[in-house]
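Notes follow the structure.
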Amino acid sequence: MGFAIIPMCLLFYSSFTTISVAQQAFRCTERTTCRSLVGYKSPNTTSISSIQKLFGVKNLHTLLGANNLPPSTLPNHMIQEQQVIKIPIPCICFNGTGASNRMPIYTVQPDDGLYYIANNVFMGLLTYQRIQQVNRIGNADVIEVGQELWIPLSCSCEEVDGERVVHYAHLVEEGSTVEEIAEKFGTTSDTLYRLNGIANDSQLIAATAFDVPLKACNSSVRSDSVDSPFLVPNNTYFFTANNCVKCNCDAANNWTLQCEPSGNKPSSWSTCPAMQCEGGLLTIGNTRTSGCNTTTCAYAGFSTDQNISTTLATQSTCPVTTGPGASPGNFASRIGLSRNYLFIYIHMILLLVYLL
């Protein structure tokens, strides 16, 4: 079996370079798992199925959903050179940080080195030292062709300001600023500084992973569901419940998760179970309107015994007539109506007194 050699001069130089932002960020103190995203900038024009294979994403629909590509997108769909693709990964927290849970697995090719794998194959999403550490490679200078390496991509499951989010490993562009990144992803500069352990833009290192929290849509998924916590960020969709349910998040829809039967063949069940709400009048995704109230049959999770849970969620668009948020016109008209009743009541009393 052949060997791939890392040039000694490169190793010497790299050991004295500044620790990447990714090594300081993605803190993860909870012993838990979650779904995260990493931003991969394709080094060349390639098919989306090739990227799926490189990162070990089992289901193409999962990759399509993370990038809001139509479910009908074919495996030979081309991704252009330098195009950024969001890769969904399972995240596990250990030793104070998060890493993709035993995926992807990369097979060493001739002339590969750890530095090359980290920076040219996986485009700087992690350092070669990180690969060496988790794979317990004693001598970073020598790796074997055909050797399988766990590539521990940076991720986190931590709440941000008391809110569950989807952590995204954003690959920093040359010349970008924290303010620009914050504006692009709908967060604040202060949050990004704090999460990534930096004080100013001078510490922002190009071509490294940067922890960005993505807000997720509100959902009705129960805490005991197999897919809990069920977090779907804006402009993405996700197939769950063994591929039976498709849920998408759109900030324009009041940050409320929208789910419906996927119409797909289940991944492990013989068939998709019934997805009706109590009373059987509505199925997942269906709504009914009564006056100014809209009731939706919402997805609430699934269990391993082939059961999909639902719940009725009601949203009201009725105008507020009292309290701090009262509509002035409605409140005024209500006061006017009360005065009319009082006027009639007084006249009736006077009439009774007269008759007596």
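We number each residue from 1, going along the chain as drawn.
Just so it is clear, glycine is given a Cβ too, placed from its N, Cα and C backbone atoms.
What TrEMBL says about this protein:
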| type | residues | note |
| --- | --- | --- |
| SIGNAL | 1-22 | signal peptide |
| DOMAIN | 104-151 | domain 'LysM' |
| DOMAIN | 168-212 | domain 'LysM' |
Residues of the domain 'LysM' (168-212) by DSSP state, where helix covers H, G and I: 19 helix, 8 strand, 18 coil
Averaged pLDDT, computed only over the residues in the domain 'LysM' (168-212): 96
The domain 'LysM' (104-151): DSSP-derived helix, strand, coil residue counts: 15 helix, 9 strand, 24 coil
